[in-house]
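Here is the structure we will look at.
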Amino acid sequence: MLDLNFTGLIPSNMEKRGELTLKDNLAIIEEIFNQRKIPKEGLDDDKIKLLLKILSLMDTDKDPKVIQIGEREARIASKIQNELVGGFCHGIGRSGNLIDAQPKAPGASIMYALTNKILESFLKNLGLKVNAIATPVATGMSLALCLSAARKKYHSNVVIYPYASHKSPIKATSFIGMRMRLVETKLYGDAVRVDVSDIEDAIKKEIKENNNPCVLSTLTFFPPRESDDIVEISKICEEFSIPHIINGAYAIQNNFYIDKLKKAFKHRVDAVVSSSDKNLFTPIGGGIIYSRDREFLREVSLCYPGRACATPVVNILVSLLSLGMNKYLDLMKKQKESKKLLDDLLNELAKKKEEKVLNVKNPISSCITTKKDPVDVAAKLYNLRITGPRGIRKNDKFGTCYLGEYPYDYIVVNSAIGVKNEDIMQVVEKLEKVL
Ligand SMILES: *Cc1c(COP(=O)(O)O)cnc(C)c1O
């Protein structure tokens, strides 16, 4: 396709040398299109930009001879906007289906299909043999798409929600107009959990009332709320033949969660939602939905109303190409080490201050109790230019996910993927001053 005539401009031995370099540079991009997998080593920014440029030059708004008389022709006011969308001004999808190819945007359509393939290979490398789609909306809205698909495909009319106090899933349910049946948490030592048999009871009650329940479970959450037992829930959903959606907002950065997902996928899991920013280092605004059930993913994609901005998907592609598999695995390893460091430092601090580190299973976050007002402690940390910690009072039913009074006031500190060890050391140092 690229037929570049350099002949006669420079000495031919130099021309051959130059062509060799060009060929090897372009081979990196050819390899991506041939393999359609996440590269082991990440690509440099220039290659990624070139790849995006090649694709975006396939869209009709870049056609030098195009005659445009539609009401939607990707007309833009400034070239800045073209840059902001990675060159894909026509966006992605057709009004009827998010993952359908868009006639005005062959390049963007290839970009989206390629992103989904690379995403699948990434998840496969992590041990998850699933179909996947990148979504142009964040976790909450992606959950809404999944619930909408469950309603369409299985006539679900009520969402059984083992209570986890995040507003996104709760609003996702009200957004699509479904009723939510909460299943309350209980206290098990320091940990707050939902009993699986209570979930089963809720399912039975809804079925008895001639309703069609689906379950929205939570895999990743702030301690002291522990993960739902998604393996047992997926068995129950299999038994009762009801859809099961999992909120795995930051699940793909740690094997603790991935192993649970692997086991749950052997039973009934219709879709898992994860955030692109929490797991894949993109700006906020995208999600990923994955499932063994390709048909369900198609239904999800059919539920999306209209075309979408390409940016969140481009961001996912850029992250996957830029990091490469090896870097991601390395970051996962570092995350685990950082969590260990965090726990060691918090345990030392707890001893000094006669506090305790809460005994809650969580591979990302830890809690330390405080005798001071935790909200005040968190505010002080914020003013010390620390972002992330949450201060929760024991009577804060939303914060603790627990309707009774929780035994302690506490501070939550996270060591999510990408955290720096020096930041962990600094936050515990500052915590020592304000606790
Ligand atoms: C981060 C997070 C969400 C976020 O939803 P967004 O729509 O991406 O803001 C939802 N649920 C849980 C458990 C989360 O941790």
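Cβ coordinates are placed from backbone N, Cα and C, and glycine is handled just like the others.
Heads up, TrEMBL stuff is auto-annotated, nobody curated it.
According to TrEMBL:
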- ARG72: pyridoxal 5'-phosphate binding site (BINDING)
- ARG94, SER95, GLN102, ARG307: substrate binding site (BINDING)
- LYS266: tRNA binding site (BINDING)
- LYS278: N6-(pyridoxal phosphate)lysine (MOD_RES)
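In space, ARG72 is the closest of the recorded positions ARG72, LYS266, LYS278 to ARG307 (substrate binding site), judged by Cα positions. Taking CA atoms as the reference points, the residue listed as 'tRNA binding site' and ARG72 (pyridoxal 5'-phosphate binding site) are 44 Å apart. Look at ARG94 (substrate binding site): DSSP puts it in a strand.
Long-range neighbours of GLN102 (substrate binding site) (same chain, six or more residues apart, CB within less than 8 Å of its CB): HIS90, GLY91, ILE92, GLY93, ARG94, ALA108, SER109, ARG307. Excluding ARG94, SER95, GLN102, ARG307, which define the substrate site, the same chain contributes GLY91, ILE92, GLY93, GLY96, ASN97, ASP100, GLY306 within 8 Å (Cβ to the Cβ centroid), listed in sequence order. Here the Cα atom of the residue listed as 'N6-(pyridoxal phosphate)lysine' is found 33 Å from that of ARG72 (pyridoxal 5'-phosphate binding site). Fewest other C-beta atoms within 10 Å: among the recorded positions LYS266, LYS278, ARG307, that description fits LYS266.
Here the binding-site residues are ARG72, ARG94, and the one whose Cβ sees the fewest other Cβ atoms within 10 Å is ARG72. Around SER95 (substrate binding site), taking its Cβ as the centre, 11 other Cβ atoms fall within 10 Å, counting all chains.
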